[in-house]
Amino acid sequence: MKQYLDLCQRIVDQGTWVENERTGKRCLTVINADLTYDVANNQFPLVTTRKSFWKAAVAELLGYIRGYDNAEDFRKLGTKTWDANANLNEAWLNNPFRKGEDDMGRVYGVQGRSWAKPDGGHIDQLRKIVDDLTRDVDDRGEILNFYNPGEFHIGCLRPCMYSHHFSLLGDTLYLNSTQRSCDVPLGLNFNMVQVYVFLAIMAQITGKKPGQAYHKIVNAHIYEDQLAPMRDIQLKREPLKAATFHINPEIKSLEDLETWVTLDDFWVEGYEHHDPIQYPFSV
């Protein structure tokens, strides 16, 4: 929690105003932030200075794992995070590759589970990683990559957190996640949860111990219409005791995650938080 608040304060104190062409808004911006989550000791990075809706973050991650490309499928899992980008993004609405209501195109999990090969066919990156780790193999390339410039034109949004690199040391699994851009008041709240949970769940289904998850953010920013509530409300609140995160021990394989797992298979204990803050979302 401290490292999150320190980053927020750093942006407020040291950030530079940058015009964002996509949203038409200014962002207070810093370059490079490195966060670490101690999954081994269940130090769950859930924000306490406002209410955090962790279930939606886990649901979104589960949708990525399943390779979903439709906002309706994400809603069925328990999150509306893709409704706006699928249905309110003007550029995507006018894109001839859009297949209709709720279509997201080839973004995030689609790339992770079905990366198109130039000679035909597709690569299931996640399956390869799971198979390797289960066999105690780390080829220094256990990388899940969502960033495919050749298909940006057939997706509603470029990936923000675009790379997840898993590494084995003995029987302990580590994760390095890289994010090109982060809406800190809204997005980082989700992304911290997802990085933590991704390592925890991958360790569980591959029979490994979770270690630390390392989260690099390149462009960390606060939109101009988010600055006042961040500076004047959230940063003035005292952080509360950290919660703990738990996963149903019956989840044992990638197939389990693809089929029967729901949000009921994840729970948080001891979550204390301040009141919610309604930060504006920029499409």
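In case you wondered, yes, glycine gets a Cβ from its N, Cα and C as well.
For the dUMP site, Swiss-Prot gives Arg22, Arg180, Ser181, Cys182, Asp183, His221, Ile222, Tyr223; the one candidate out of Asn32, Asn191 that the record lists there too is Asn191. Of all Cα pairs drawn from Arg22, Arg180, Ser181, Cys182, Asp183, Asn191, His221, Ile222, Tyr223, which the record names as binding dUMP, the longest spans 21 Å. Note: the CA-CA distance between Cys160 (active site, nucleophile) and His221 (dUMP binding site) rounds to 12 Å. Sequence-distant neighbours of Asp183 (dUMP binding site) (same chain, 6+ apart, CB under 8 A from its CB) are His221, Ile222, Tyr223, Gln226, Phe281, Ser282. Ser181 (dUMP binding site) has a Cβ environment of 18 other Cβ atoms inside 10 Å.
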